[in-house]
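Supplied in structure tokens, the structure appears directly below.
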Amino acid sequence: MVKVAVLAAGGIGQPLSLLLKSHPQVTELSLYDIVNSPGVAADLSHICTKAKVTGYKGQENLDAALAGCEIVVIPAGIPRKPGMTRDDLFNINAGIVKGLAEAIAKNCPKAFTCIISNPVNSTVPICAEVFKKAGTYDPKRLFGVTLLDIVRSSTFVSECKGTNPQETKVTVIGGHSGVTIVPLLSQVKGLTFSQEEVEALTHRIQFGGDEVVKAKDGAGSATLSMAYAAARFVDSLIEGAFMKKPVVECAYVESPLAAADGCSFFASAIELGPSGAEKILPIGPLSDYEQGLYKACVEQLKTNIAKGVNFVNQAA
Ligand code: NAD
Ligand code: LMR
């Protein structure tokens, strides 16, 4: 029932495509990369699920890869090595995301676009600016995938409290890098935390990505946990938008929530429905500690957003 494109068949793109190949509602899976995608697609195509998988390699096949796609997921671009920030990826990944966004605007302007490529705080505004220039921008259809922060929060909190991670729900707002990641532990239902626990968990959630980058020791960043998180986001999007069963997930979208503090994009809980980001849910009450986290978040986030917006407008 749904045609999905995954733009990049690398560390994230491959396991994400594997998970999407098994999704009962995905009938076509279009896998694009500048290298390797036909082989990965051939491999996936032997799995006995109904999604038809096609691999497209090289810029000259990008239009064909996107034709008729209803959901496009973008994990294209270089990952971090130890010692790098996500912002250090900007110089290479900004241009990659801009090119892919132009192709989406041309070939499947109504697709729900889900951006994984870092720095997410800037690549989502880049995509929005490209869509605006093409006259195709619908803020309800563009998402930065921050769900890995929520997945990590569920894991780390459940390890701390001995709960079932699948039932441990944590809302994470802000952006997707270091101090812009703001977990709202004060809002976790049924659990209370000491200040020491709050500070340790917050730090681990904010810098969980660095933990993986360090452990992989130069071989990249999170791929498998990211594929899990992205597949869950696509599943929720399919349920909300195509099966009309509203679902709440966190994502980074154009949002009024921190607009007064200079941030036109902000991650929060959103209700996914037929039009995409149907409702942006309120942040809710913050503890004093979380108010401090919020202040640090918006200071950095507004700079990251402006950098993405300027990249597209200066390049014009
Ligand atoms: P990777 O190097 O394993 O794979 C990246 C793929 O992108 C490669 O196959 C490469 O050929 C492809 N690529 C490069 N330019 C392209 C283009 N113009 N069009 C299509 N494909 C292109 O990297 P990875 O581990 O899969 O990570 C990809 C990105 O995802 C990185 O920027 C990383 O920082 C980011 N990431 C984000 C999150 C998140 O939570 N949002 C989590 C993990 C990683
Ligand atoms: C993550 O949170 O794991 C990703 O954003 C990748 C990274 O660079 O840390």
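Even glycines carry a Cβ here, placed using N, Cα and C.
Feature annotation from TrEMBL assigns domain 'Lactate/malate dehydrogenase N-terminal' to 2-144. What TrEMBL lists as NAD(+) binding site is Asp33, Asn93, Ile116, Ser117, Asn118, Met226. The feature substrate binding site is assigned by TrEMBL to Arg80, Arg86, Asn118, Arg152. What TrEMBL records for 146-312 is domain 'Lactate/malate dehydrogenase C-terminal'. Under the heading active site, proton acceptor, TrEMBL lists His176.
Describe each of these features in terms of where it is and what it packs against.
The DSSP breakdown of the domain 'Lactate/malate dehydrogenase N-terminal' (2-144) into helical (H, G, I), extended (E, B) and coil residues amounts to 66 helix, 31 strand, 46 coil.
Around Asn118 (NAD(+) binding site), the same-chain residues six or more apart in sequence whose CB sits under 8 Å from its CB are Gly77, Pro79, Arg80, Arg86, Leu89, Asn93, His176, Ser177, listed in sequence order.
Its own atom aside, the Cβ of Arg152 (substrate binding site) has 24 Cβ atoms within 10 angstroms in the protein chains shown.
Neighbours of His176 (active site, proton acceptor), defined as other CB atoms within 10 A of its CB across all chains, total 28.
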In sequence order, which residues at least six apart in the same chain have a CB under 8 Å from the CB of Met226 (NAD(+) binding site)?
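Those within reach of Met226 (NAD(+) binding site), by Cβ under 8 Å and sequence separation of 6 or more, are Ile12, Leu16, Pro75, Ile116, Leu148.
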Tell me, roughly as an integer, the mean pLDDT over the domain 'Lactate/malate dehydrogenase C-terminal' (146-312).
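Within the domain 'Lactate/malate dehydrogenase C-terminal' (146-312), the model's average pLDDT equals 98.
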For each of the binding-site residues (Asn93, Ser117), count the other CB atoms lying within 10 A of its CB, then report the residue with the highest count.
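Output for this query is Ser117.
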Reported as an integer number of Å, what is the Cα distance between Asp33 (NAD(+) binding site) and Arg152 (substrate binding site)?
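Asp33 (NAD(+) binding site) to Arg152 (substrate binding site), Cα-Cα distance: 28 Å.
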Can you list which of these binding-site residues (Asp33, Arg80, Arg86) have a Cβ closer than 6 Å to ligand 2?
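Once distances to ligand 2 are taken from each Cβ, Arg80, Arg86 fall under 6 Å.
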